[in-house]
């Protein structure tokens, strides 16, 4: 008859066979095996000790009766030590049944104890067992748990006879309450338990069954000769250090008594997911802390609780009313909910509060002071607030955003005089019209008229009936940029050209292949004048006439033209003109005109749509995603006095506020123009000018500084500079000779530069040399403007701070006071340009081309400023307008 120990040994030997393919896969280190975390290490130890177990099995069959009685007595010690002190005497369990108790480790509910209550009559150890033949053989195998891991997967039907989880809690509770002298013995081993997530039963049982470690002679000690064999077992484990083992309280209690409670403890500790229930691990022995303090409310005497301070709460402002602009009504609902939850949790769950809950309740306790003194009226008012549009309709601060408000534009505008129709302009004609190597070119005086039908008529003199030349303006004509050109010994002349421009598509191969649309210009006429006002008036008249030209029938020769690169370019240019008051630089009058030019290269007939940030279509835009253009402003404006090119469908614009047009092919034309209100509160820079005339002594001084209120100047990283700045000081014709001097090549205008003053006239004529100085740029008299022109290429300067002031100073001593005119100029003229900016905040929000989604689209912005600044009349000049006396008030501080 086959005995139970023989069957177990046979199955164990098969399970630990040295085959290449193990029965169960060994999990790697850090693996995710849940039910067999320690299977790898235990199987390796069982393989190394399988031969020894067979010898023990054969010797156990010849066990004498005396040895069985001896073993029964010793097993009684084990079961007697397994029961806690003061508890009812537990019977001695059958060791074979205790072995089969390990099978319950694989159940789905490892923490539930399904074992029946212990019987009063204990069975004696009459059946020999291969795992524990005698305590003599235990010297080679200190505990049954060392080899019992080899049979835990063979039989799963035996009931559990080991101490239950409740018994273990009673043992640990008494161990926590009593001070143990042997707690320091397991300090090193317990420190390694905190670093490992898996608790190995074999390692715990080995240390618990070692009487030499705790010094208890009840069980036979492990000899030093057998200690290296256990080290080899530890080397085979996959990084599982030995955890701590609680030591018994009484010195006469054998150390093997801890093996019985440690067996189920280790089996439950091997589950990673159940680690929060770690009260069985006796951590307080290592950390010298009372673990029961976690279950008690925090005591003020032991350690004051940490209180989280609110960095946004100022206790001095507790009586301040809440801000009425807070639109979040949900904030108050959250506050009420928190107050209710905190009051309930403070009364019911105070005893169950751990350290984290204490910190959380302290962190939200700063709201209690504000809730104790509420403001019912203000809170009710805040609860009724709604989130409004950031640009509300009817806001007086933003007149353009109100479509119903009637904004009165400044009238008459400063630029109205330039756009007024005139009979003609005295101009200079460049003769001959084309360059010739054999002849020189010169300027000849003529008189020009512009007819309503778009004809330019050239007369030799004003009043003649028949022009000597006449030509018609065409849609392909463009007016060139104004420039200054040498004229005579007095100075330069303002010149412009009217060109016939054609655009052609060209391929470029350097530096990389690309397609470009180059412009070819053919000069039609070149004109010039020394009167700057006539010059600007003529330019405006020609631009108005080009825009009003009728659109002729489409040229069929260009309809079928296919472009390699289809593109459309939109140029938005703002022209600001106005008058600025003295002192605080307040804008007294202004006029903003926006011009939109189109240049397109589209194959065939194409219908285009252009959408602006018009306040009347706010919220009603319907455009495709690929047609949306990026903008840098969220402002909505109102358009005034709109004028359109002949290719625009005005009926569609009046109904939908969308510009629908058929663009001219390869021709730059003005699509539309409109007036708006200036979008800024201040100009890019402030200029204050003061003049003093005392007898024959004249002084003029200006201070220039960048304005911090201008939107572009707020961020130095995104600041847009002012380019080609001109500040013109009108000079009477009687004073011109004082600003010129003789040279080898004729008369020259004196020029003042940075850190270098300019001397005017001769000492014999005026008695002393006048001085003109600047701290930035250059200053000299220019005959084309009849003014002293202070020129600055760029503001702010690259080598100076943005808020650094710049100064112009001029001191002139006349021969007598009779040279002082009866009327002196009251304004200085300022003119400059700003790229990539907009004075009106007009923005192109969408550009769409019908049935052409792959068209390249470009939008360019620029602004041109031209305004007048009043001159302050003073008895004496001082660099500081606040009245501080300086040692030398006539000179500027050099930067």
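Each Cβ is built from the backbone N, Cα and C atoms, and glycine gets one as well.
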Task: Candidate set 109, 253, residue annotated phosphothreonine in Swiss-Prot - done: 253
Open item on the list: region 'Disordered' per Swiss-Prot: which of the ranges 386-421, 422-457, 458-493 is that?
Closed with: 386-421
Open item on the list: Candidates are 229, 759, 838, 848; I want to know which one Swiss-Prot annotates as phosphoserine.
Closed with: 759
TODO: Examine the ranges 234-280, 281-327 and name the one recorded by Swiss-Prot as region 'Disordered'.
DONE: 234-280
